[in-house]
Each structure stands twice: as structure tokens, then as C-alpha cells.
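Colleague: Okay, here's the structure, questions in a sec.
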Amino acid sequence: MHFHDNQRKVDYVLAYHYRKRGAHPGHGSPGHSLAIVSNGEMGKEPHAGGPGDIELGPLGALEEERKEQREEFEHNLMEAGLELEKDVESKSQGSIFVRIHAPWQVLAREAEFLKIKVPTKKMYEIKADGSIAKKFNEILQKLSSPLQPRVPEHSNNRMKNLSYPFSREKMYLYNIQDKDTFFDNATRSRIVHEILKRTTCSRANNTMGINSLIANNIYEAAYPLHDGEYDSPGDDMNDRKLLYQEWARYGVFYKFQPIDLIRKYFGEKIGLYFAWLGLYTSFLIPSSVIGVIVFLYGCATIEEDIPSKEMCDQQNAFTMCPLCDKSCDYWNLSSACGTARASHLFDNPATVFFSIFMALWATMFLENWKRLQMRLGYFWDLTGIEEEEVSSQEHSRPEYETKVREKMLKESDKSVVQKLETARTESDDEDDEDKLDWKDRFPGYLMSFASILFMIALTFSIVFGVIVYRITTAAALSLNKATRSNVRVTVTATAVIINLVVILILDEIYGAVAKWLTKIEVPKTEQTFEERLILKAFLLKFVNAYSPIFYVAFFKGRFVGRPGSYVYVFDGYRMEECAPGGCLMELCIQLSIIMLGKQLIQNNVFEIGVPKLKKLFRKLKDETEPGETDSAHSKHPEQWDLDYGLEPYTGLTPEYMEMIIQFGFVTLFVASFPLAPVFALLNNVIEVRLDAKKFVTELRRPDAVRTKDIGIWFDILSGIGKFSVIINAFVIAVTSDFIPRLVYQYSYSHNGTLNGFVNHTLSFFNVSQLKEGTQPENSQFDQEVQFCRFKDYREPPWAPNPYEFSKQYWSVLSARLAFVIIFQNLVMFLSVLVDWMIPDIPTDISDQIKKEKSLLVDFFLKEEHEKLKLVDDPDPRSQRGENRSRWSRAASSAPSGRSQLGSTASAGSQHTNV
């Protein structure tokens with residue numbers, strides 16, 4: 001964790017791979033010899049002459065150019081005040097690590113520039129409002145103590161430091177006991193990363209920042225160090241090891257997450273993700289309980305369901321029309337008894353209540369997240385984060401700079417360097433402007449728009465291909481007597497599996513396509529790039545995941561036609577129709593298999609298997625390359641060596657995307673699958689620990705990013721929540737039999753019950769009117785058939801307008817539309833009411849923020865008063881003028897430049913009750 005002097009801490013590491021030509025790998029100094037380069041002092045030089053020197057072979061032109069660029073960049077880093085230590089290139093090829101240390105002067109300067117909030121000397125106690133609330137919290141803490149992680153942050157969370165942006169002129173405000181530990185490791189690496197991002201390299205076309213150099217293969221990697229090993233033997237504890245023991249193991253799945261420690265180690269952005277994931281998982285518990293109750297209600301009332309009884313009653317003997325031409329025979333409705341009984345498990349009045357509950361649940365979840373976000377913002381000192389602080393961290397992306405250079409080269413005969421030097425001397429306002437206008441971006445936007453349309457069309461065409469597969473397979477299986485009885489089950493199961501495989505494959509393809517499309521748009525900053533990438537990836541993956549489900553829910557069985565006038569696909573293949581019990585059961589099967597398949601396969605294969613394969617491949621590659629490591633060094637690798645072998649951190653987008661798609665499964669079609677929250681909960685309990693283990697053990701340490709919220713993901717969640725109300729309204733009204741049953745019960749039933757409902761929904765057809773060549777061949781039906789039945793609301797053959805839509809059809813249709821309007825407006829009103837009743841900012845947090853500002857003013861005034869008192873206090877050992885200037889300098893610059901009197905005066909105000 002330190003330079004080889006065991007004093008200066010390694011705050012950041014740059015790595016690059018070098019290769020020499022003509023060198024003898026067996027000669028030279030060992031791999032761990034150093035060239036320590038520091039401001040004002042030099043360590044061992046690699047070419048100073050001596051027994052460790054080697055005769056370098058001629059380097060390639062490209063390698064020589066990269067070496068010069070690295071030397072200039074490292075020189076500029078030292079000019080910025082950083083201290084460097086790097087290995088000697090002593091072998092024919094290998095990896096070189098440049099360790100970076102930020103001294104106190106640099107940390108103080110950059111902390112002031114970045115407006116980093118740090119704790120002051122003042123601490124105060126956060127008191128619970130009211131004795132009842134305080135007692136309730138104490139009881140809750142005692143009950144949940146076995147579930148709390150054993151980390152220091154959870155031991156004393158009632159005390160809080162007043163925080164204030166760091167200022168070198170107000171050093172007396174801060175409790176600086178040790179300059180080496182005043183800024184934690186995450187803050188130190190964040191400061192160094194900001195310097196790395198804005199340091200230029202004129203030899204690399206005036207490229208700004210380490211990201212550009214990595215993109216141009218000048219450096220291979222740049223990362224902060226982990227706080228030691230997570231599985232090291234012994235009692236020595238570091239934050240990484242603590243996170244592994246109390247958070248990143250499956251054995252502690254029942255414990256709460258140590259969110260404060262996660263934020264301290266990984267930064268606010270990752271801390272907010274795990275806080276959001278934890279809240280989402282905890283909110284799934286009540287929805288899972290209600291979902292199981294709804295499912296059990298369906299199981300308990302299955303024997304009392306009159307329509308399924310009528311379908312299973314063989315005495316009714318409803319003779320149904322053939323399901324296909326020629327090869328299919330007439331059949332009894334009672335043969336579909338099992339499907340009808342299973343449909344009742346999910347198609348019952350309780351699902352309507354559950355849909356309303358889940359719409360309100362989504363609203364309450366988002367409102368509670370806003371409150372938790374504000375609470376975390378208060379404790380993490382994010383409440384006063386300025387937009388300038390965020391924008392100061394945003395630097396132009398390498399691809400953007402390259403595009404600007406190309407544009408400037410085309411516009412003028414000047415060299416690129418001259419143009420860029422001219423641009424750098426412009427005002428800050430001009431630097432912030434986008435140097436690419438709409439003409440430069442139009443080809444990228446056009447390509448992006450066309451590609452997205454093509455991808456969506458591709459998804460729809462694949463769904464249509466699966467439909468054709470179902471129709472043709474059903475027709476083929478119907479020709480064989482042995483397979484005829486299981487046609488529907490076979491076709492449904494195989495089609496869903498095909499859909500699942502296609503969805504998983506297209507998910508990976510669409511993720512790569514979205515990234516490529518965002519790159520050709522050339523966004524200026526990383527934040528803009530991330531937002532555009534998220535929108536494209538979400539749109540494509542949303543369409544990919546839900547298009548087969550939308551087809552089954554709203555389109556299947558709607559365009560079948562009727563006996564004697566069926567709708568055909570291609571030649572002789574009838575459009576598929578729903579099962580006798582309706583399409584809701586098939587929608588449930590489709591939804592459950594796709595949801596469970598995505599979660600199981602993506603978790604086990606993509607999130608666990610692929611990283612392990614990458615790590616194994618990289619290890620094999622390192623072992624096969626000659627001269628890469630020596631045996632002495634490999635037995636005791638340094639921390640930067642260990643971290644270099646880990647996977648690079650690529651962002652939170654895949655983690656958020658997986659959970660957002662799952663959130664859609666839980667909310668959008670919950671009317672058809674009330675057990676969706678249960679499976680989501682079981683998945684997320686594992687997902688939290690899986691992501692934790694990945695961040696702690698398998699990824700390089702990410703750069704700490706300071707942010708106030710989860711960004712565009714909240715807007716997507718809110719949009720899905722509102723969209724789910726409309727979707728569930730249509731699922732209940734169109735896909736289920738809830739509305740037809742209500743209409744029959746209150747408009748057509750003689751006794752106000754559902755007796756006779758099945759007969760009411762079946763229309764008559766005269767079999768003599770079947771088209772030539774479509775009648776059943778060699779019918780084995782027991783009796784001669786004159787009329788067959790089919791599910792629709794149509795006039796009978798003996799009516800004046802045979803086979804036209806009947807009055808019942810228009811009654812049911814109007815009732816369905818009325819239900820959609822009433823359901824949607826009722827749920828939206830209740831959602832707005834819940835939103836209004838739950839304030840975004842908790843009252844206690846709002847009061848604490850106001851009181852903290854008041855305390856901060858009082859603290860400022862008191863410290864300034866003490867400072868002036870110290871300045872005016874005469875010193876008997878020296879003249880008054882010398883004493884005043886000495887105290888003035890000490891109070892304004894030195895961290896410990898206050899007398900014992902000042903320290904004693906403020907000691908009594910360390911703990912203040914609020």
C-alpha cells in the first residue's frame with residue numbers, strides 16, 4: 001500500500017505493457033528494482049550506470065513514441081505536485097506500474113478546488129423527535145440487532161460531525177490530527193484521478209487526461225488500490241476485508257447492508273445503487289406476501305368456480321369446432337378441464353385487487369426511495385452539493401477530442417497542435433461550449449435512429465417467426481394421432497424456450513449495439529454518454545424482453561376469424577387461437593419462464609461464469625508470456641500486482657438494467673402472474689450478495705464518484721410504474737374473463753350467479769357451411785354433428801344476420817373500455833394521493849438540515865472570535881507585533897496552529913444536543 005520507503009501511501013496506479021527488441025531477458029536488474037521519481041528528489045535511475053544496467057535494444061518507432069508520451073505525461077504529473085515511483089524496464093517485455101502519491105499540499109489544493117466536504121471539529125447528537133418515536137426506534141434496534149452487520153459505522157450513528165467544504169484559509173475549523181489519514185483512501189484516489197483527467201500531453205496531439213491515453217494504448221490501465229487482501233490470514237482488519245466478511249458472503253444474506261461503509265469504500269454512486277437495491281428488495285417482501293395470498297385464494301376457491309365446473313361437466317357435452325383443417329376432429333369442451341381449473345388460479349377477482357395494490361406499491365416504493373435518498377444525502381453530506389462541483393469533474397471524452405481535432409484540421413491549414421493551443425487560450429465559457437454543431441452530429445444521429453428502428457423491426461420479425469413456428473408445428477403435430485393430444489402443451493413449451501434463448505442472445509447483441517451507436521454520436525462528457533447509452537439499451541432490451549409477452553397478452557386469438565371464415569397465414573395455416581380457458585394461463589407460463597430463465601441464466605452464466613473465464617484466460621496468458629514475472633516476485637506479489645489481475649470496473653449500467661427489467665416483470669403483467677414478486681425477491685437476496693462479492697473480490701477498485709441521486713434510472717422507474725397501470729388495466733379487461741363474467745352476472749344471468757356463463761360465451765356454427773376441404777377427415781366423433789360451438793359473441797346460424805357480432809359482444813366491449821378508463825383514473829388518483837401524502841423530504845431530516853446550518857454559523861462565529869482573541873492576546877515573551885503576526889499566520893494556515901487555550905475553550909462544545 002506504500003512506496004518502497006514505507007512512508008508515502010500509494011494513491012493511484014498506472015500500468016502499461018512494454019516490449020523491447022534486441023534485449024537479453026536473462027540479464028539486468030531484478031523485476032522489483034525501482035526508479036523513484038519525486039518532486040525535488042530522485043531515487044535509483046534506470047540508466048545511471050552500474051551493475052543493474054542493461055544494454056537496450058532498438059525500440060520500434062511506435063513503442064518509442066509511446067515511451068516519450070508517457071515520460072512527458074509523468075513529468076506533467078510531477079509538475080502538478082504529485083510524487084511518482086515506477087519500476088525499471090529490466091526485461092525484454094512485461095508490465096510496469098507507476099505508483100502515484102499525493103502529498104498534503106496537493107490534497108489540500110485539490111480538495112478546495114473540488115469543494116470536498118470534510119468534517120469539522122464540531123459534533124452534535126441527532127435526537128429522535130418525541131419520546132414515543134425514540135422508544136420505538138430503541139425497541140426496533142434491539143429486535144434487529146442480530147441482523148445488523150458488525151461494522152464500526154453502525155455502532156454510533158446518533159452522532160454527526162458538522163461538515164464544511166475544505167478551505168486552506170480555514171484550517172482551524174477542521175480536526176486535523178494526522179495529515180496522512182485526514183482524507184480517506186477513496187477521497188485521496190478521487191483527487192488524484194481528477195488530476196489525471198485534466199493533465200495534458202502535447203506529444204499525444206495535446207490529448208487531455210488519462211482516459212485519452214488509455215484509449216490510445218499509451219497506458220493499459222489506471223486504478224486506485226484496494227485496501228489490502230480480503231482473505232488474508234490473521235486478525236489485521238481493513239475495510240475490504242470487513243466488507244467481505246459482513247457483506248460480500250452468501251452466509252450473511254440475512255443481514256442488512258453496511259451502506260455507510262460501502263459508500264466510504266466505493267463512493268456515493270455505488271453506495272446509492274446498493275441502497276436502492278436493498279430498499280427494492282425489502283419492498284418486495286410485502287408484495288410477495290400479498291401475491292402468495294392471492295395465489296392461495298385462487299387455490300382455495302377453485303372448487304367453487306362455476307365456469308370451470310361447467311367446463312369440466314361432461315353432461316353438458318359442448319361439441320367444439322375443429323382446431324385445424326382436415327386432420328382435426330370435433331372435440332368435447334370437457335377435455336380442456338385441466339386448463340380451465342389452472343386458469344382460475346390466476347384469473348379470479350383477487351387479481352384485480354392485487355393489480356391495484358401493485359400500482360400503489362410502485363408509487364410507495366419510489367416515494368420511499370426519494371425519502372431514503374434525502375436521508376442518505378444528509379448523512380453523506382450531499383445536500384449542499386453544487387452543480388459546479390459536478391460539472392468540474394466532467395471532462396471531455398477522448399473520442400470527442402479526436403472528432404474536434406479532425407474538424408479543426410479540416411477547417412484550417414494550421415497544424416493540429418497550433419489550433420489546439422489557440423483553443424486552450426480561449427475563455428472558460430467557450431471551453432464549456434460544444435465545439436461540434438448539428439451538422440457534425442447529424443450522420444451519427446441518423447445512423448442511430450435507423451439502427452434502432454431496424455433492431456426493433458428485427459425483434460418483431462423474430463416474434464412473428466416464433467408465431468409461424470407455433471402455427472406450423474401445431475399443424476404438423478395434429479397430423480399424427482400419437483402427438484395430437486399434447487399439441488398445445490408441446491407447442492407452448494418449445495416456443496417459450498425459443499423465445500427465452502433469443503431474448504438472452506439479443507440482450508447481449510443489443511447492449512453492444514447501443515454502446516456502438518452512442519459512440520458514433522460523439523457525446524462530449526461521460527455523463528452525457530452514459531445517459532444516452534442507458535436510454536438506447538433500455539429501449540432495445542425492453543422491446544426484446546416484452547414483445548413476446550405483449551403478443552400473447554393482447555394479440556393472440558384476436559385475429560383468428562370464425563369457422564367458415566378463418567384468417568390464414570401463408571397457405572393453409574390458420575392463425576393460432578387461445579386455449580378454451582383463455583390466454584391468461586399461457587401468458588402466465590410465458591412470463592414465468594422468461595423471467596426465471598433470464599434471472600437464472602444471466603446470474604449463473606453471465607455474472608459468475610464469464611468473469612471467471614476471463615480471469616482464467618488472463619492468467620493463462622500471463623503465464624505463457626516469457627519474461628513477464630520472476631519467481632521471487634510472484635511468491636509475494638504487491639497489491640498493485642494483485643489488483644492488476646482483477647477485472648476492470650465498467651460501470652453500473654448492467655446491474656441497474658437487470659433490476660429495471662425485473663421491475664417491469666413485477667409490475668407490468670402482475671395481474672397474470674401474482675407470484676412474480678416472490679421469484680424477484682428470491683433472486684434479489686442472491687443478487688445483492690453476488691454483486692457485493694463481485695465488487696469486493698473480482699473487480700478493480702472503482703473511482704469514487706460523488707453524486708446526489710441515481711440519475712436517469714429514477715425517471716425510467718417512474719415511467720414503468722405509470723405504464724404498468726395501463727398495461728394491467730388492459731390485461732384484466734381484455735385478456736382475462738373478469739369483465740365478461742361481470743357483464744353476464746349482472747346483465748344476462750337469471751339468478752345473479754355465473755350459472756350458464758360458459759354456454760353464454762359460446763356461439764353456434766352450422767358444420768354444413770364449412771369450406772370445402774376443411775371438414776374433418778374420417779371423423780371418429782361419437783355422434784353426428786350438426787352444430788359445433790366456438791368461443792365468441794356472434795349471432796347463431798338461424799338469426800337474420802348469421803355470424804355477425806351480437807349485442808352481447810358490444811356490451812362486453814363497452815364494459816371493457818369503461819373498466820380501463822375507470823381503473824386507470826382510479827389508480828392514478830390513488831397514486832397521486834400517495835405521492836402527496838408522503839413528503840419527499842422526511843420532516844426530521846428537513847429540520848436537521850436547518851439546525852445544522854444554524855449550528856455551522858454559530859461554530860464559525862465562535863471560532864472566528866477565538867481566533868481574534870488569540871491574535872489580540874499579548875505574549876510576555878515577545879513584542880506584541882511579532883506575536884500578532886505569528887498567531888495570524890498559524891491560525892490561517894497551520895492545522896495545529898492554535899494555542900492550548902483555544903483548544904481548551906472549544907473542548908466543552910464537542911457534543912451538542914439538537
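Cβ coordinates are placed from backbone N, Cα and C, and glycine is handled just like the others.
Under the heading domain 'Anoctamin dimerisation', TrEMBL lists 3-259. The region 'Disordered' annotation in TrEMBL covers 22-58, 411-434, 871-914. Residues or ranges marked as domain 'Anoctamin transmembrane' by TrEMBL: 262-852. If you look up TrEMBL, you'll see 273-297, 350-366, 445-469, 489-513, 533-554, 659-682, 817-838 marked as transmembrane segment. Positions annotated as compositional bias 'Basic and acidic residues' by TrEMBL: 411-426, 871-885. As annotated by TrEMBL, compositional bias 'Low complexity' applies to 888-899. Per TrEMBL, the feature compositional bias 'Polar residues' maps to 900-914.
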Colleague: For the transmembrane segment (445-469) and the transmembrane segment (273-297), does the number of C-beta pairs under 8 Å, pairs 6 or more apart in sequence, reach 3 or more?
Modeller: no
Colleague: Could you check whether the transmembrane segment (273-297) and the transmembrane segment (533-554) come into contact, where contact means at least 3 Cβ pairs under 8 Å with the two residues of each pair 6 or more apart in sequence?
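Modeller: These two segments do not touch.
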Colleague: The transmembrane segment (489-513): which same-chain residues, six or more beyond its ends, come within Cβ distance under 8 Å?
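Modeller: Contacts of the transmembrane segment (489-513) (Cβ under 8 Å, skipping residues fewer than 6 from its ends): 451, 455, 458-459, 462-463, 466, 469-470, 473-474, 477, 483, 537, 540-541, 544-545, 548, 586, 589-590, 593-594, 597-598, 601-602, 606, 654.
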Colleague: Pairs of Cβ atoms less than 8 Å apart decide it: which stretch in 350-366, 659-682, 817-838 has the most with the transmembrane segment (533-554)?
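Modeller: Looking at each of 350-366, 659-682, 817-838 in turn, the most contacts to the transmembrane segment (533-554) are made by 659-682.
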Colleague: What mean pLDDT does the predicted model reach across the domain 'Anoctamin dimerisation' (3-259)?
Modeller: 76
